[in-house]
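Chemist: Feature table excerpt (TrEMBL):
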{"type": "DOMAIN", "residues": "30-304", "note": "domain 'Pyruvate carboxyltransferase'"}
{"type": "BINDING", "residues": "Asp39, His243, His245, Asn279", "note": "Mg(2+) binding site"}
{"type": "REGION", "residues": "436-559", "note": "region 'Regulatory domain'"}
Amino acid sequence: MAFDHRKYSAFPVIRKTDRRWPDQVIEKSPQWCAVDLRDGNQALVKPMSVAQKQRLFDLLVKLGFKHIEIGFPAASQPDFDFCRKLIEEDRIPEDVTVQVLTQARAELIERTYEALEGAKRAIVHVYNSTSTVQREQVFGMDRDGIRDIAVNGARLVKAGAERYPDTEWTFQYSPESFTGTELDFAVEVVDAVNDIWRPDQGQPVIINLPATVEMATPNVFADQIEWMCDNLRYREHISISVHTHNDRGCGVAAAELAVMAGADRVEGTLMGNGERTGNMDLVTMAMNLYSQGVDPEVDLSCMSEITDVVEACTEIATHPRHPYAGELVFTAFSGSHQDAIRKCLARRNDNDPWEVAYLPIDPSDLGRRYEEVVRINSQSGKGGVAYVLERDYDITLPRWLQIEFSKLVQREAEVNGGEIDSDTIHRLFNEHYLQVADRWRLQSYDLHRGDDGVQARVELGQGDTLQGHGLGAVEAVAAAIRQHYGVEIAVEAYDEFALSEGTSANAMACIRVLADGEHRSAAALAEDTTSATIQALLSAVSGLLARAAARQEGEVAEV
Ligand SMILES: CC(=O)SCCNC(=O)CCNC(=O)[C@H](O)C(C)(C)COP(=O)(O)OP(=O)(O)OC[C@H]1O[C@@H](n2cnc3c(N)ncnc32)[C@H](O)[C@@H]1OP(=O)(O)O
Ligand SMILES: CC(C)C(=O)C(=O)O
Ligand SMILES: [Mg+2]
């Protein structure tokens with residue numbers, strides 16, 4: 001059998017009776033370390049050139065990352081050269097510390113220090129694998145043998161630093177494959193490393209606990225981190241870092257729970273590029289904090305620049321649904337979402353706290369436009385269509401016309417099969433409601449109000465003059481139409497609006513009439529509300545008459 005779950009076994013439960021992390025709340029940003037130029041780079045089909053590394057480094061600096069792992073200089077010439085370039089060209093800002101990775105092997109550690117010569121400050125990150133699988137199957141060693149690799153590496157790192165006393169050194173150790181390592185052994189190895197480095201005597205030390213492979217649910221990782229924090233010697237003198245991968249799709253969740261469990265520092269990459277399913281995504285985690293009102297201490301407001309640079313350097317496209325960064329993440333197509341967004345945005349004042357349904361953060365914080373928030377296809381409803389007309393054309397529709405017009409847009413979307421853009425919606429609105437033949441265009445009107453109502457005189461485009469009497473203006477014009485064209489009309493719905501300043505017309509009217517069992521709606525823009533109302537009425541009647549004429553000719557265009 002090819003697909004057989006019995007091949008796998010469950011991750012062993014961590015028995016913990018003093019679990020505290022579930023009650024913690026993240027109230028401050030962890031120290032970030034961006035590892036795009038090392039872990040991200042080592043996972044690329046085409047590792048970055050020096051120029052690409054420089055571009056990504058500059059972006060990370062601009063965004064505010066203070067710890068940046070720039071490569072594995074002993075592994076490849078471009079990594080070595082990039083490290084030298086940053087140092088020799090003095091490209092590392094005063095408040096940024098570069099970090100480099102090395103295995104716990106003498107020749108690699110020596111080369112690493114050569115790469116860092118002349119740096120003002122740097123983090124030397126040494127690792128060796130500690131998990132059961134790696135011990136037994138890769139290294140063929142017992143626990144003591146593996147601990148000795150770590151201790152030897154720690155000694156070599158310390159000795160290397162002593163050869164370059166002008167640099168401020170921080171040492172970092174990772175028990176690689178930590179998630180597959182028995183906790184008591186992980187503590188034993190880390191304590192042995194720290195016994196060499198002595199963080200209690202002033203040596204800055206970072207202990208990085210990686211989910212090299214994500215092997216269990218994020219709560220298990222949090223348990224592992226809390227347990228380590230409780231049991232490591234020198235805890236108060238070291239910074240605990242976590243470095244999660246996304247094998248089960250929970251790299252961000254695991255890092256967040258790890259911070260709740262006591263981690264001080266988080267390693268990851270912009271947009272989560274990295275080995276296999278990727279590293280922890282710094283953009284997502286930082287934005288998650290931001291959306292909870294916590295300052296992430298990096299500025300991601302230039303999101304399109306971030307995606308452009310990451311795509312150019314990694315040659316990996318951004319998924320349109322990528323949290324916070326994807327092209328579609330602030331867009332609602334579905335009707336009920338659009339309706340809710342429109343209502344929330346309409347009620348919102350500029351300085352109100354952000355509480356908008358379906359939008360966890362304000363798109364404008366990331367340089368995104370509100371134009372993207374509502375896009376129309378066959379899944380959309382009246383709220384969305386109305387929102388687009390309001391937003392892009394300052395046209396406010398009454399509810400009854402929203403309902404009617406959205407059906408028309410829906411039909412167009414179904415025929416077209418895709419998205420209906422704002423221009424098309426406006427064109428449909430013009431064609432169906434605003435457009436009117438010249439002969440039906442209002443030239444002038446005169447309304448004379450007397451004790452018994454209003455006497456209307458209306459002059460049309462090609463010289464037709466209509467006259468009628470009614471209780472109000474609308475009724476008087478309706479009577480004029482009846483007398484002139486023999487059409488009995490009843491006004492079913494009617495709304496007028498003043499338009500905002502800056503638009504060419506000052507008023508808009510929308511009307512829906514019934515004549516001979518037929519409904520017809522129309523709208524009109526004009527200098528004043530009375531002109532708009534009379535024009536809308538004339539346009540509706542013209543539509544009815546055109547339809548009747550077409551029916552007579554046997555070519556009814558259903559609207
Ligand atoms: C989880 C992570 O991301 S870890 C980082 C992984 N990143 C990379 O590997 C990218 C850069 N690496 C490289 O370019 C190469 O692996 C190099 C240049 C560092 C080393 O290359 P090589 O020595 O030719 O080969 P290779 O990596 O296969 O070496 C494996 C040997 O190192 C040993 N080794 C592997 N990791 C470590 C370590 N962290 N500490 C000490 N020894 C180690 C292995 O046991 C193996 O030993 P063996 O030769 O006695 O069997
Ligand atoms: C080198 C280490 C920290 C690593 O990248 C990992 O374990 O995933
Ligand atoms: Mg990694």
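Every residue gets a Cβ built from N, Cα and C, even glycine.
Locate each feature and note its surroundings.
Modeler: Using a 10 Å Cβ-Cβ cutoff, Asn279 (Mg(2+) binding site) registers 30 neighbours.
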Chemist: Under 8 Å Cβ-Cβ from Asp39 (Mg(2+) binding site), six or more apart in the same chain: what's there?
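Modeler: The list for Asp39 (Mg(2+) binding site) reads Glu69, His243, Glu267, Thr269, Gly274, Glu275, Asn279, given in order along the sequence.
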Chemist: List the residues in the vicinity of the Mg(2+) site, defined as same-chain residues other than Asp39, His243, His245, Asn279 with C-beta within 8 angstroms of the site's C-beta centre.
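Modeler: My list of surrounding residues reads Val35, Pro210, Ala211, Thr212, Thr244, Gly251, Glu267, Gly268, Thr269, Gly274, Glu275, Gly278, Met280.
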Chemist: Most Cβ neighbours within 10 Å: which of the binding-site residues His243, His245 is it?
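Modeler: Going through His243, His245 one by one, the largest Cβ count within 10 Å is at His243.
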